[in-house]
């Protein structure tokens, strides 16, 4: 795994949101252990999730968010993706920047 997360925590966090529309990002961040990580580790996680290295996490990358933690994880539903984006995108540009991502995890 990345950002120093424990495999058992990742497995438990993924299991908790395996059903469609059960993903709640704040619960996931806490369960997977990201919420308690240093800002450095949180930023490392951001750069993994930002797959096209644009400096932003776009909606299509958010949809595949869980697959960064396990290749067999499901894609997020449209409703989950939009809720995740709405909470993280504070400046309304339709993307989540690294500072927005860190603020969301540390909230």
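Note: Cβ is positioned from N, Cα and C throughout, glycine not excepted.
According to Swiss-Prot, the feature N-acetylserine maps to 1, an assignment based on experimental evidence. The domain 'EF-hand 1' annotation in Swiss-Prot covers 37-72 and rests on sequence analysis. The annotation Ca(2+) 1 binding site is assigned in Swiss-Prot to 50, 52, 54, 56, 58, 61 on the grounds of similarity to another entry. What Swiss-Prot records for 76-107 is domain 'EF-hand 2', and it gives sequence analysis as the kind of evidence. Look at Swiss-Prot and you will find 89, 91, 93, 95, 100 tagged as Ca(2+) 2 binding site.
This view paints the features noted in Swiss-Prot onto the structure.
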residue: 52; record: Ca(2+) 1 binding site; Cβ neighbours (10 Å): 10
residue: 54; record: Ca(2+) 1 binding site; Cβ neighbours (10 Å): 11
residue: 56; record: Ca(2+) 1 binding site; Cβ neighbours (10 Å): 18
residue: 58; record: Ca(2+) 1 binding site; Cβ neighbours (10 Å): 15
residue: 61; record: Ca(2+) 1 binding site; Cβ neighbours (10 Å): 19
residue: 89; record: Ca(2+) 2 binding site; Cβ neighbours (10 Å): 20
residue: 91; record: Ca(2+) 2 binding site; Cβ neighbours (10 Å): 10
residue: 93; record: Ca(2+) 2 binding site; Cβ neighbours (10 Å): 10
residue: 95; record: Ca(2+) 2 binding site; Cβ neighbours (10 Å): 19
residue: 100; record: Ca(2+) 2 binding site; Cβ neighbours (10 Å): 19
List of residues, in chain order, with Cβ under 8 A from that of residue 50 (Ca(2+) 1 binding site) and at least 6 apart: 56, 57, 61
Structural state of residue 89 (Ca(2+) 2 binding site), classified by DSSP into three states: coil
Proximal residue to residue 52 (Ca(2+) 1 binding site) among binding-site residues 89, 91, 93, 95, 100 (C-alpha distance): 95
Shell list (Ca(2+) 1; ref centroid = CB of 50, 52, 54, 56, 58, 61; cutoff 8 A): 51, 53, 55, 57, 95
Model confidence over the domain 'EF-hand 1' (37-72) (mean pLDDT, whole number): 96
Distance check against residue 58 (Ca(2+) 1 binding site) for the binding-site residues 91, 95, 100, keeping those with Cα within 10 Å: 95
DSSP-assigned states of the domain 'EF-hand 1' (37-72) in counts, ordered helix, strand, coil: 20 helix, 2 strand, 14 coil
Between residue 95 (Ca(2+) 2 binding site) and residue 54 (Ca(2+) 1 binding site), the C-alpha gap once rounded to whole angstrom: 10
Ca(2+) 2 site, defined by 89, 91, 93, 95, 100: further same-chain residues with Cβ within 8 Å of the Cβ centre: 56, 88, 90, 92, 94, 96, 97
Rounded Cα separation (Å) that holds between residue 89 (Ca(2+) 2 binding site) and residue 54 (Ca(2+) 1 binding site): 15
Residue 54 (Ca(2+) 1 binding site) and residue 100 (Ca(2+) 2 binding site), Cα-Cα, nearest whole angstrom: 15
C-alpha spacing of residue 54 (Ca(2+) 1 binding site) relative to residue 93 (Ca(2+) 2 binding site), in angstrom: 14
